């Protein structure tokens, strides 16, 4: 009877998991909690401000900024999927997560990360059209094309979530229920399963190869053509502008894809729970902060729009007082 009860608990998803997160590894958990909270607020405010700026300024109503808005939206959503729960748990002294919450967190996270992979590819294609085919840019990247590209990114990202989450969560978990991570990431949850997961891990690896291979091919092809076009430009100013736009995007791509390759594609021998958490912190918590900085501080149009918005606010305040 005891064995039956355990089996039922495992297969009906009634039992909770324990998230043995970042704070258990830290000598100063309170300080770490404050740092992560500050970073979380910076990510939220930076991305929200970027979305509002682009929405309010008519000069920024073009495909490139439409994609940046989507990138900021994804960043706000996926930092919100993991960090608030982690901080609340630390403050309340709880570290439990139910199987259904774990599945939901996993699904949202996979969907958002997958969508961002494809969005970065769409952004590279947009830069390719803008630099290599400037005269046809408004036709090739019209509003309808942009909407189709963005919708496809969200759809392809959700395919990742729909494929991996149900399979991961239906494995029987009969080992320790301690997830050595700060959220329900697939590899960390898989380690708790007592059944043979090697076939699934191979399928997951192939799925991730596809998820990365398609965008990486689009990005590398786009940038090869871009570099070739920049090299042939006569205007030094044009070269500088094109290079500045592309280097911002490449910085984001390298950060994001590098971390994903480590997490999902390197063999188990390279992984330890501590390393996995550090890499996840990097692309779950720090990338959403870096994106608005990379795209706004290195972009004259955005800084101009921000100055304009602050001036309007200042004038408005002056008239009230």
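Note that Cβ sites are derived from N, Cα and C of the backbone, with glycine treated the same way.
Here the structure is a predicted model, which means the values were calculated and not measured.
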From 107-125, 126-144, the residue range that TrEMBL assigns the feature transmembrane segment: 107-125
From 172-192, 277-297, the residue range that TrEMBL assigns the feature transmembrane segment: 277-297
The domain 'G-protein coupled receptors family 1 profile' (46-295) [mean pLDDT, rounded to integer]: 84
The transmembrane segment (107-125) and the transmembrane segment (29-53) contact flag, 3+ Cβ pairs under 8 angstroms: no
Positions whose Cβ lies under 8 angstroms from the transmembrane segment (65-87), at least six residues beyond its ends: 19, 21-22, 33, 36-37, 40, 43-44, 47-48, 50-51, 54-55, 97, 105, 108-109, 112-113, 115-116, 119-120, 122-123, 126, 146, 150, 153, 182-183, 252, 284-285, 287-288, 291-292, 295, 301
